[in-house]
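Structure first, commentary second.
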C-alpha cells in the first residue's frame, strides 16, 4: 500500500509519486505488465505516466469540493498489474491550501439592545464561514474599537469559534441611539486572509431581560433510524420578564449561504421548544448535527437568547456489507499450482466500528481459499489440485458477514471455468479384441472397429487411430490391413489366404491431438476363416495328369483282397478337408469296391476269366460347400503268377459301416478339440 500527498492547488501534470521506484518494478516492464489505474470513486483525478513510471495529476484538485469539512481528505486508488496479477492500493492525501478567505453570512448585521441592559450583556454574532481546514480555517475575530462594546470568543463543542459582543459600559439611548462597528474574521493561513461584516447596534428602551437558555450548549445522543417524530429534547429557556416580555417563541437559527441541513431532519415547536425528528437519520451520512435555536420574547423591543444543541448519532448495524469483484481470471488451467491467484475481491461496509468490520468466507469443500491482501481486500487463490474431468467449473459463493449485532451478511456468486490440459491418455474399451474374417474376402472388407475414449475435451480429446508395424509378422502388417484414423474401423488391404496365415495380431495405436500427444495401444487378433478353395490332391498313386496307374492282381484273388490304396490330401481344414472316396459308375459292374473313408480298393467278387484289364476311375471329394473333387484312373490287370503286394490282404476283414462311422466321429472330435485349443491359446496370448 502506497501513500502520497499533494497540495490542492497543483496544476495538471504535477508528479505525485514515483510508482516504479516505490513498487520496485523496472520502468521497461510497466507497459508489458499493463499497469493501469482503477479509481474507487466516480471521477478520475490521476493518471499513470508509463514512460517515466510516475503518478501525475490529471486535473486540478479542490479539497473543499472533494471532502467538504472533513478534517482528513484522502483519495483511494488501485493499481493493477498483470503477469502475475497484482493489486496495489494507493492513498493520496489532499493537503489544504489557504485559498479561501473567511466570509460572513451577511455583509451587515443589525442588532438590538435595550438601554437598560447591564454590563456583561452578550449579543451573539453570526459565525463566519471558511471552507479551508486546520490552520487555514478561522483563527480569531476582531472588533473595531468601541467604548461600550468588546468582543468575546467562545469555542463550541466541535471546535468552532463563536464571536459575541459584550456590553462593557451602560448605554444611554438619548446620547447614542445607534452604534456602528466592524467585525473582522481572520484565518490562520500564511498569508492571513480576512473577511468583514458591518455590525449596527440599535439601542432600545423597555424590555430589559432576554430569554436565557439553560444550559446554553447541550449535547444529546440519539440512535440512527429512530421513528420519525421521536422527541430529541425540550429546550429549557427562562425569561424573568412577565407578560408578553416573558412569552418566548422558538425558531431555528440558520445562515443564508449555508442553510442548516438539520432543518430538513428536525422540527421545532415554536411554543413549547420541543425538537423532534421529521425525517430518517443516517449515521453514514452524518454522525452529528449542530442545531442553533433562537429564543425571542414578545416584548417591545423583543429580546432573544440562543441555545446550541449538538445531536450525536449512535451507529446501528443497518448496512449490509458490499462485495466488489475487482478482477477474475477465468478460465484457469486445471494444472494451476496451489496458490495461483484466481480473483481479487474487495469488501465495503458503510457502518462504523464493529458494525463495519467484515469477515469474508467461502465454502470449505472447494479447492480455494481466501487470503487477506490488506484492509478490506482479499485474494482468492487455489488451495489444492484442480481436475477438469471431475469438475469443469465451480460456482463460487463468497459470503461477507459483519461483526454487528445482529449480524448482516451479503453473498456474491460467480462462475469459474476450468480449462482443460492434456493430462489423460486415450483408453481402449479393451486391450485385447478378437475378430474373424473370411479368407478370399475382397480388399476393403471391414474386419473390426476399435473404440477408445479420452476424458479430456477439445483437441485434447480428438483421437486418431493407426496400425503399428512392430515386426510380429514376417511381412509388415500394413500390407494386410489398414485402419480408418477417424473411426477406428479396420479394413483388409488384400485378399487373405487361410492356408498361408490363419491368425494375425494387429497392434492398434490411438493418439490424441493434445500437446504433448498421449497414446495407448491395443491388439486385435484377427482369425481367418477357412473357405473351400482347394480341391483334393491325390498323393498316391502319383501319376501324371491324363495318365493311369497300372496295378496287377492275382487272377484267383478272393473277395476282400486289398488291391491298392488311394491316398489324397486337402489343403483346406475342418469339414472342407474331410475326404470321401468313390468309384465312378460304369456301363458294366466292376468286381471291385473302394472304402469311402480310407480309400482302400478291394476285390468285391471273383474275377472273370478274361485277359482284359479293368479300368477304374476313383473320385476323391471333400465335404466343403461347394464340394471340390479330384480323380485318378487305376488299371487293374489280373495275372496268374502275380506277386501279392499286400501279403495279408486276404486276412483283412471287410470293414463294417459301424467302424466307418466311428472313424468319422473321432475325426470330428479331434478337429473340434484342435479349434478350441487354438482359440484358447490366442486369448491367452
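The backbone N, Cα and C atoms fix where each Cβ goes, and this holds for glycine too.
If you look up TrEMBL, you'll see 5-104, 105-213, 214-323, 324-428, 429-538, 545-655 marked as domain 'Cadherin'. What TrEMBL lists as transmembrane segment is 662-684.
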Counts by DSSP class (helix H/G/I, strand E/B, coil) across the domain 'Cadherin' (105-213): 3 helix, 54 strand, 52 coil
Long-range neighbours of the transmembrane segment (662-684), counting only residues six or more past its ends (CB under 8 A): 432, 434, 502-503, 525, 527, 573-575, 578, 597
Per-region confidence, the domain 'Cadherin' (5-104) (mean pLDDT, whole number): 81
Structural state census, the domain 'Cadherin' (324-428) (DSSP three-state): 4 helix, 55 strand, 46 coil
Selection from 5-104, 105-213, 545-655, the stretch that has most Cβ pairs under 8 A to the domain 'Cadherin' (324-428): 5-104
